[in-house]
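Structure, as structure tokens:
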Amino acid sequence: MRLFQLLFRASPATLLLVLCLQLGANKAQDNTRKIIIHNFDIPKSVRPNDEVTAVLAVQTELKECMVVKTYLISSIPLQGAFNYKYTACLCDDNPKTFYWDFYTNRTVQIAAVVDVIQELGICPDDAAVIPIKNNRFYTTEILKVE
């Protein structure tokens, strides 16, 4: 009986502290989903005029699908398939991989860019979202010609 009397006399701050210790910290903000996860792979070095294959793997952790446009940008002009732009529907259960084959005889810095865009006719039933915070993601690599 005396225990219950002590419990009812406890200050609100003490009760709040006990409640927080029982519930634990809120981890809702620790598990934010990543909009775009990308992995850009090119060789570190090649010989002049060797064919180079650039590979960009893209995925998302969002539950909703997005329309993405992927392309490469270089520090010097490159010709051929390097200039191809790909548009695809990216969903969490369907990652995409894009390939570019090109030639170069000079060292070049290359950026792989992923833009989240609004375009009809790409995702099923045109059901796609556009993130408010970020809609462009990129990574850069240097391709040395030796």
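Here the Cβ of each residue, glycine as well, is placed from N, Cα and C on the backbone.
Owing to the predicted nature of the structure, the values given are computational and were not obtained by experimental measurement.
Residues or ranges marked as signal peptide by Swiss-Prot on the basis of similarity to another entry: 1-28. Sequence annotations record features per position, and here Swiss-Prot assigns pyrrolidone carboxylic acid to Gln29 based on similarity to another entry. Taken from Swiss-Prot, the feature disulfide bond applies to Cys65-Cys91, Cys89-Cys123, supported by similarity to another entry. Per Swiss-Prot, N-linked glycosylation site is recorded for Asn105, and the stated evidence type is sequence analysis.
The Cβ neighbour count for Cys91 (disulfide bond), using a 10 Å radius over every protein chain in view, is 19. Counting every protein chain shown, the Cβ of Cys89 (disulfide bond) has 18 other Cβ atoms within 10 Å. Cys89 (disulfide bond) falls within a strand segment according to DSSP.
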